[in-house]
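Written out below as structure tokens is the structure these notes cover.
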There are 2 protein chains.
Amino acid sequence: MKFEVTVLGSSSATPIFNRNPTAQALNINERLYLIDCGEGTQQQMLRFDVKASRIDYIFISHLHGDHYLGLVGLLSSLHLNGRTKPLHIFCPAPLKDIIDLQFKYSETVIHFPIEYTFTDASKVVKLVENQDVTITSFPLDHRIPCTGFLFREKKRLRKLIKDKIERMNIPIEFYSKLKKGEDYTDSKGELYKNDELTIDSDRPRAYAYCSDTLYNESYFETIANADLLYHEATFLDNMRDRALETHHTTALQAGEVALKTKAEKLMIGHFSARYKTLNELLDESRSVFPETELAIEGKTFSI
Amino acid sequence: MKFEVTVLGSSSATPIFNRNPTAQALNINERLYLIDCGEGTQQQMLRFDVKASRIDYIFISHLHGDHYLGLVGLLSSLHLNGRTKPLHIFCPAPLKDIIDLQFKYSETVIHFPIEYTFTDASKVVKLVENQDVTITSFPLDHRIPCTGFLFREKKRLRKLIKDKIERMNIPIEFYSKLKKGEDYTDSKGELYKNDELTIDSDRPRAYAYCSDTLYNESYFETIANADLLYHEATFLDNMRDRALETHHTTALQAGEVALKTKAEKLMIGHFSARYKTLNELLDESRSVFPETELAIEGKTFSI
């Protein structure tokens with residue numbers, strides 16, 4: 001099953017020429033989940049061939065503009081392009097007022113249903129459970145209410161021991177039941193336990209998204225053992241005071257989060273415009289957690 | 001005196017990869033006037049080296065998102081970059097509510113004064129008169145209240161007849177009075193009428209900006225004799241019905257507006273995303289008004 005994330009924006013609030021504010025498109029089994037939607041996200045989707053029409057879920061971490069100002073334009077365009085299928089938005093409650101006010105004055109009546117679920121930045125909440133994934137929001141520690149999001153694959157199907165079941169001439173129609181864990185009784189009435197015919201599935205993969213936050217161990221348990229951890233790293237560690245003041249994380253701290261939560265891989269982003277190049281941020285995080293990569297616009301990470 | 005306009009965006013509402021929604025930066029005597037501010041305008045200013053810090057006035061024609069969705073991000077960035085000098089915004093009244101609501105929830109307290117003047121889409125109104133320019137709003141005919149803007153240079157100073165005044169040894173300190181039309185009396189008490197010493201100034205230049213609108217003669221008188229007319233031309237004339245339905249103009253009609261209002265030059269823009277290339281739109285407008293140019297991102301027109 002496909003499980004990958006494409007970076008659409010990697011900058012913090014002040015714009016810089018070659019970086020866009022935060023947005024990521026997560027592809028899970030060919031369904032798209034948009035995470036944050038900074039100004040210009042639509043253009044980034046066109047640039048990197050991410051089909052906006054295929055987005056079913058949008059997650060907004062908090063109401064600083066660099067995380068949601070592209071949303072009204074995106075909704076308008078989906079409308080103008082004839083979307084009819086519902087869209088689910090998970091966001092802080094006031095975002096609905098902000099969107100409604102703008103559509104009121106533009107006299108726009110969106111032709112597809114928008115279903116809102118308001119996030120709660122005070123506790124861990126399960127937001128979505130579908131056939132592919134369970135999605136959870138969890139509190140981060142920012143200047144205004146802010147949540148991270150955890151995307152965990154549903155338990156995967158067991159794997160058939162191909163040689164054996166072919167040798168036994170088990171009907172193909174029964175394969176899906178075997179994958180789900182059923183035992184098999186052959187035509188002579190002989191029972192085969194499932195674990196004779198299949199092996200355990202791979203461990204469900206997880207992607208943890210930590211938008212703007214102070215380094216704070218309160219969310220470590222929720223994001224533990226992620227296959228990919230996205231964590232903001234706005235500053236170098238020589239600006240730790242500034243990070244504290246603005247409720248952001250340094251690249252060194254982001255590496256520490258990945259190390260302590262036993263992530264497989266770390267992607268850092270939300271870079272301050274003061275850093276024209278990003279090598280120092282990467283090196284700093286790698287000094288603690290070598291498996292660090294940079295969020296770069298257009299880059300896709302397989303999870 | 002510098003009087004030029006740089007195109008920052010030329011597309012209509014649906015985004016297209018290589019075009020941005022509407023915005024233009026007008027430079028009059030090294031002061032910047034921003035006209036409309038579609039999503040991504042900040043990035044376009046960075047791309048084309050238009051210094052956002054030098055903007056003193058912003059004009060928003062109407063509240064369709066493709067004309068203002070970049071504004072909140074721009075204001076945030078000016079704030080984050082330490083602006084303290086006032087900014088004047090001329091816009092439909094509800095835009096203030098839209099901006100205030102977003103700053104409320106992002107807990108942003110902007111550190112520079114924003115002075116609002118609300119536009120009135122029912123009549124011609126003088127908005128600004130400073131040493132360089134008189135700026136007027138006028139009604140357009142769109143689906144929601146919408147104004148165009150006319151920027152007319154103040155009457156320019158008279159030109160000195162250099163040879164003559166140097167021969168007469170008129171003190172340099174008196175030159176500025178001569179330029180403003182004063183007569184001159186020399187040390188022997190002899191009077192020289194101003195028109196013996198100066199010649200008439202050039203005609204004040206005018207830039208007329210016609211944002212989204214139906215072709216409608218009601219605004220022709222206001223924009224008459226513009227040195228540069230910007231007019232939307234969303235569709236080719238074979239889509240005139242669609243233009244009528246959506247309150248837009250075709251390229252042919254835009255050419256007719258320029259012809260009938262005796263413009264010197266016409267710039268067309270606000271192109272529908274259905275046109276991947278713009279030659280047909282240009283040719284169609286030129287068939288009526290040969291002095292037509294395309295609004296292309298980054299292009300600067302001297303007025």
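Any Cβ shown, glycine's included, is placed from N, Cα and C.
Residues annotated as Zn(2+) 1 binding site in TrEMBL: B:His62, B:His64, B:His142, B:Asp212. TrEMBL lists B:Asp66, B:His67, B:Asp212, B:His270 with the feature Zn(2+) 2 binding site. Look at TrEMBL and you will find B:Asp66 tagged as active site, proton acceptor.
Residues from the set of binding-site residues B:His64, B:His67, B:His142, B:Asp212 situated with their C-beta under 8 Å of a chain A C-beta: B:His64. For the pair B:His62 (Zn(2+) 1 binding site) and B:His270 (Zn(2+) 2 binding site), the Cα-Cα distance reads 14 Å. Neighbour count (other Cβ atoms within 10 Å of the Cβ, all protein chains): 21 for B:His142 (Zn(2+) 1 binding site).
The number of other CB atoms found within 10 A of the CB of B:Asp66 (Zn(2+) 2 binding site), across every protein chain shown, is 27. For the Zn(2+) 2 site, the Cβ centre of B:Asp66, B:His67, B:Asp212, B:His270 serves as reference, and the other residues of the chain with Cβ at most 8 Å from it are B:Ser12, B:Ala13, B:Pro21, B:Thr22, B:Asp36, B:Gly38, B:Ser61, B:His62, B:His64, B:Ser211, B:Glu232.
Across the fold, the C-alpha of B:Asp66 (Zn(2+) 2 binding site) and the C-alpha of B:Asp212 (Zn(2+) 1 binding site) stand 11 Å from each other. B:His67 (Zn(2+) 2 binding site): 28 other CB atoms within 10 A of its CB, across all protein chains. For B:His142 (Zn(2+) 1 binding site) paired with B:His67 (Zn(2+) 2 binding site), the C-alpha to C-alpha distance reads 13 Å. The most densely surrounded of the binding-site residues B:His62, B:His64, B:His270, judged by C-beta neighbours within 10 angstroms, is B:His270. One way to see the shell of the Zn(2+) 1 site is to take the Cβ centroid of B:His62, B:His64, B:His142, B:Asp212; the remaining same-chain residues with a Cβ within 8 Å of it are B:Ser61, B:Leu63, B:His67, B:Leu140, B:Arg143, B:Ile144, B:Cys146, B:Ser211, B:Thr213, B:His247. Comparing B:His270 (Zn(2+) 2 binding site) with B:His64 (Zn(2+) 1 binding site), their Cα atoms are 13 Å apart once rounded.
Here the C-alpha separation of B:His67 (Zn(2+) 2 binding site) and B:Asp212 (Zn(2+) 1 binding site) works out to 9 Å. Under the three-state DSSP scheme, B:Asp66 (Zn(2+) 2 binding site) falls in the helix class. For B:Asp212 (Zn(2+) 1 binding site), other Cβ atoms within 10 Å of its Cβ number 27.
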